[in-house]
Amino acid sequence: MEREGITAMKSHEKKPVNPAKSIDSLQGLFQILKKSKDFITLSPPFNSLSIRISYFRTLVDANILHQDVLSYLSGRSFSSLQDVQAVLSFGTSKVTEQVEVIQKSVLNGYILIQLNESDSSCLLIDISKIEGRDITKPEIEFNILAPKLAFVEKLDTNLNLLRRKLLTPYLRVEQLEVGYLSNTAVAVVYIEGIANDQNVKEIIKRVSSIETDHVFDSSYLVRTIVDNPNSMFQQFISTERPDRVAAILAEGKIALLVDGSPFVITLPTTLIEFFSTAEDYSIPWIVASFFRALRVFSVLFSVLTTPLYVAIITYHYELIPKELLETLVVSRSKIPFPPVIEALVLEVVIELLREAGARLPTKVGLTVGIVGGIVIGQAAVEASLTSNVLIIIIALSALASFTTPIYSMGNTIRVIRFPFIFAAQLLGLLGIVIASAFLLTHLLRTKSLGRPYLSPFYPTRLSDWKDSIIRMPLISMNRRPLAASAKQPIRFNSEKAKKNRTSPRSDFDD
Amino acid sequence: MKKVPIEYQISPYMVFFLVNSMQIGVGLLGFERISAKLAGNDAWISTLLSGLSINVMIWMIYKILNQGKGNIVAIHHDVFGKWIGGAFSLIFLFYLLVTGATILRTYIEVVQVWMFSIMPTWILVGIFLILCYYIVSGGFRVVAGICFFGVLLPSTLAFTFFFPLQFADFRNLFPIMQHSFKEIIKGMQGNLFSYFGFETLLVYYTFIKNPKKSQKFAHYGALVTTAVYTYLMILSLVFFSEKQLASAIWAYLSMSKIIQFSFIERFEYILISFWAFVILPNVVLTLWGVSRGMRETFGMKQKYILPILILFIFILTILLDDRNKVNLISTWVGKSGFIIVYIYLPVLWLIQSLQIKFRRQT
Amino acid sequence: MKRWMVWLIIGVLLTGCDQTKVVDDIDLVQVAAYDLEEDNLKGTFAISTYTKEGEGQPEIYTASGKTSKQILALASEKSSKPLELGQLRVIVFDKDLAKKGLKEILDTMNRMPNVGNLIYLAISNGKAETILRGSYTKEKGISNYLPSLIEQNITYGILPETNLYLFLNQLYDDARDSYLPIVSNKGNILKIDGIALFKGYTMVDSITAKDLFIFKVLTDKFYRGTYQFKLPGTPDNYAVIENIKAKTKYKMKGNSKYPFIDARIQVKGKIQEFTERKNLENPKEVQKLESVMEEELERQAAKLIERFIAKGTDPLGLRKFGRVHTRKWNDKEWAESYKHLRFQVTADVKIIQSGVTE
């Protein structure tokens with residue numbers, strides 16, 4: 001008996017405290033809500049009935065309350081809540097007895113109208129006021145030749161932006177709630193008939209099985225449901241651009257919108273998607289391909305140059321050509337540290353500058369950059385603490401890491417440099433190769449919503465290569481990427497598109 | 001025999017990469033020497049012949065596998081019964097395992113001789129085996145992915161095949177067919193071992209979607225290997241003089257010593273390091289194959305077998321501490337491979353075919 | 001199981017570092033020289049000292065010993081940092097040493113993986129050490145000057161292509177002999193003096209710089225270099241031709257017992273300098289000039305080949321032509337018949353341009 005008692009107690013302790021669940025009557029709810037100062041209960045004196053209106057002062061629009069609710073109620077008498085509902089012509093109003101619904105609605109800015117204090121059924125009317133900022137330009141994913149709209153924190157506004165981009169009845173929005181404290185609204189958006197049903201089911205299953213108290217951002221939410229949470233590589237794309245989300249939805253992928261977050265998550269994704277921008281599709285394909293390739297190259301450059309410097313200077317001096325030998329030896333000659341320490345110190349300094357710049361307001365951040373870049377760099381070289389060759393290398397590789405359009409991928413790239421530097425110190429060039437093999441294996445093992453991350457390279461989908469490192473002409477993309485495993489793979493009729501294209505003829509063709 | 005779930009399987013075209021990556025390995029760095037010793041300037045003919053004979057063997061392996069239900073373990077079980085069949089499977093798997101260990105050890109030796117002369121073997125082997133564990137524990141698709149990239153990434157090094165041409169003296173090849181047919185056949189001994197590795201096909205066969213469709217890809221893979229090896233044989237014959245080639249342990253590396261760019265000298269260091277990508281599929285696929293085979297023989301989980309296998313390779317490679325021992329085991333592996341591929345497999349095919357005929361009649 | 005992996009990783013990280021060779025913590029030997037000193041071998045190693053102002057005077061370390069490896073070790077005892085051969089670019093040998101044979105040193109160099117294959121070998125006219133010790137201009141220490149000198153003369157000049165790989169290749173090939181450039185220094189100038197001819201590992205003869213053009217025509221196919229022809233008639237009448245494309249085609253007739261070599265020299269060039277005023281627009285004049293040049297080339301080439309035969313060396317690889325083109329080749333017969341080889345040289349000169357002025 002005693003034992004059982006103990007185990008029961010233990011299991012009780014482990015359970016998360018979830019006060020909301022314990023409320024089962026309207027009375028109980030009122031008792032809890034009344035403890036808050038901003039919860040108001042009115043019993044207007046203007047009519048004989050004991051009508052009672054309750055709401056959160058901070059959540060409702062006082063103007064609407066006064067003009068459209070109280071003024072209509074005064075001087076009338078009602079026999080039922082349906083009468084009240086008929087008088088107050090609001091779109092979203094409902095009569096219910098369910099405590100859970102009542103609780104949720106009140107917390108969302110509904111007013112609660114009861115005819116009698118003891119009535120268990122009540123009328124709920126939405127006059128909520130949501131504070132938030134206006135729509136602004138995208139700041140993190142800035143594009144020059146693309147729409148200049150970014151998502152904001154309001155879910156409804158975001159959905160509005162999205163619906164405006166895709167005026168189709170098949171755009172489906174499924175709404176879920178996550179977090180027993182925050183009760184955050186999460187919208188799963190996809191295009192019915194194009195998105196893969198299995199993916200949709202999987203994502204809804206994963207979102208609804210989240211166990212947490214509150215959610216403050218979309219990336220926070222998704223971190224808990226990705227395939228491999230220990231991976232440094234994001235297995236989803238978080239973007240602030242409605243145009244990008246619309247394009248991704250049209251490919252047959254799924255978007256997740258979280259209330260309170262200006263970032264929309266799209267799934268499944270592939271590694272190469274992180275290097276594409278909306279702009280790529282609005283400039284000529286040869287130019288776009290060049291920039292794509294440049295971005296991919298810059299990743300390799302950013303990850304590999306510092307380790308290569310460490311490896312070659314530490315172990316493989318044979319590789320240095322005659323002309324460069326002098327420069328390298330001279331720049332290294334007075335430096336007291338081994339190359340690896342030199343490189344690590346400088347890498348950390350660059351990271352410090354970046355972090356400081358990111359945390360400070362824009363104007364001060366600029367100063368930090370100047371101070372760090374010019375003053376510290378110059379002084380370090382003059383004091384023979386670092387070689388100027390390495391400063392060039394590290395500055396360039398930091399620059400290269402900023403070319404990735406998706407911010408968080410840039411962070412990943414900067415972090416994976418460090419294991420590479422250690423590997424280079426350990427085994428020289430061989431160490432770099434082994435570290436690359438580890439990275440490659442990791443990418444091979446990573447999956448996004450159960451789909452391979454390295455697609456279209458492995459598993460090889462040659463038809464997807466036309467929108468990977470290069471971007472082929474838009475007319476060739478008549479099929480949706482296989483990586484999205486869309487239900488309807490054909491995007492448009494390429495034959496028709498080709499026929500409709502008007503190209504000028506010359507005498508050569510006739 | 002339980003069927004392999006489709007989400008673990010690979011597309012038939014992947015067999016091209018699996019076969020090719022298993023064949024091209026450490027052998028490429030120095031197979032030329034022994035052939036050249038035995039067949040002189042006609043060694044390239046033996047290389048070509050070996051490659052073609054390998055294709056015949058692949059054809060036969062597909063015959064065996066298509067007839068049987070499942071991979072080599074299942075076929076052994078079918079043909080010889082539980083105990084004898086199991087023993088045969090174990091011998092085959094042991095051979096595979098030792099092959100993997102030998103390849104790894106040979107590569108480590110190259111690294112030690114050319115780059116890190118005082119680096120202890122166990123560290124290099126240890127790092128490699130950790131990597132291998134990480135790959136194999138990802139499942140067959142990850143292993144196949146490594147094989148895929150193990151062909152794709154090193155193929156960017158193909159340009160190194162053309163640099164030595166600037167010093168090529170094609171007169172070295174003439175007169176053609178100066179050596180007797182017997183000498184040329186003997187010369188095959190020198191390079192046959194480099195072609196081995198494709199026999200892992202016997203294990204991963206059940207992991208191919210539409211295995212019958214994959215046969216042509218296996219042949220393509222082997223043909224590409226043949227072309228590469230024959231080309232390299234010719235290249236080293238025209239690049240080196242005969243005696244020089246006979247004394248060059250790693251002919252390909254010695255050749256790559258002349259590659260020079262304005263921004264990088266001594267390209268062979270990059271080549272050796274990059275070669276890790278070529279070696280990796282060899283070790284990983286044998287490790288996966290052996291652990292899978294053991295799993296099917298003993299019914300143990302691969303999760304528990306793999307650490308034991310890795311420990312075995314670790315110890316074996318440490319025991320091989322000088323050039324002579326490495327040479328000895330290479331010869332042993334080459335001979336066993338020859339026996340298994342050219343003698344045992346045809347016999348197996350014969351017995352299997354007879355048995356199937358017999359069963360049909362009764 | 002995860003735990004043993006963690007331990008293995010830690011173990012590797014703790015013990016993993018190989019002996020590092022940080023580029024500024026080692027002394028990079030860029031030019032090495034070997035001299036014969038009675039019965040000892042003397043090695044001299046030049047190490048460039050780089051400073052911010054440019055290349056200073058190289059540090060020189062010398063040591064004597066029996067084997068090249070031992071010499072390196074002995075020299076390393078004198079230096080502040082370990083001597084490393086990975087950036088070696090030229091090895092200079094003393095003439096006496098070359099006459100005695102270079103087998104031991106070259107085999108050692110070939111065995112060492114960190115010594116490149118494209119390094120140059122050279123023979124010094126005097127002591128090899130003096131070439132390293134000479135003081136050259138400040139921007140050009142010996143370690144930059146000597147390799148550039150040889151490289152430049154191979155690509156743009158009339159020095160036949162040589163390097164360690166080619167030397168060894170020809171050496172191991174029983175069908176041809178090799179050759180190396182000869183350098184000497186005068187004051188602060190280095191100079192190519194000619195070519196040393198080898199038979200096996202030993203030097204047997206040398207050719208002066210004057211004959212280098214002909215030599216290169218006979219051995220290499222090349223595109224640059226100039227040659228000065230003396231024209232008949234007045235004593236100081238010369239024509240200088242700049243080579244555009246030159247090569248020699250060999251044919252062997254007969255068999256290994258009675259061989260006959262037919263060498264056809266082809267030179268395409270443009271007139272660079274012409275002391276006599278003649279109208280080169282006139283095709284007849286050009287033809288005349290061409291035939292004069294052809295005669296000169298034939299005579300010089302024949303002289304050289306006769307010299308090779310007399311010394312018993314085969315830098316042209318004639319044996320190889322024989323072996324390739326002749327059935328039933330017999331090496332022993334050839335060795336005998338080479339001593340009185342019959343041959344014929346025909347030259348074909350084509351002047352295709354005469355500059356921008358008439």
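Just so it is clear, glycine is given a Cβ too, placed from its N, Cα and C backbone atoms.
Keep in mind that TrEMBL annotations are predicted by a computer and have not been checked by a curator.
Marked as transmembrane segment by TrEMBL: B:12-31, B:43-62, B:83-108, B:114-136, B:143-168, B:188-208, B:220-240, B:269-291, B:303-320, B:332-351.
Within the chain, the transmembrane segment (B:188-208) has long-range Cβ neighbours (under 8 A, six or more residues past its boundaries) at 3-4, 8-12, 14-15, 18-19, 22-23, 25, 27-28, 31-39, 43, 46-47, 49-51, 53-54, 57-58, 61, 64-65, 70-74, 92, 96, 99, 140, 214, 218, 221-222, 225-226, 229, 233, 282, 285-286, 288-290, 292-293, 330, 333-334, 337-338, 340-341, 345. Between the transmembrane segment (B:12-31) and the transmembrane segment (B:332-351) there are fewer than 3 Cβ pairs closer than 8 Å, counting only pairs 6 or more residues apart in sequence, which means the two stretches are not in contact. Between the transmembrane segment (B:43-62) and the stretches B:83-108, B:143-168, B:269-291, B:332-351, the greatest number of Cβ pairs separated by less than 8 Å involves B:332-351. Between the transmembrane segment (B:83-108) and the transmembrane segment (B:332-351), the number of CB pairs under 8 angstroms, six or more residues apart, is three or more, so the stretches are in contact.
Sequence-distant neighbours of the transmembrane segment (B:220-240) (same chain, 6+ residues past either end, Cβ-Cβ under 8 Å): 15-20, 23-24, 28, 31-32, 35-36, 41, 43-44, 47-48, 50-52, 54-55, 58, 161, 164-165, 167-170, 172-173, 191, 194-195, 198, 248, 251-252, 254-255.
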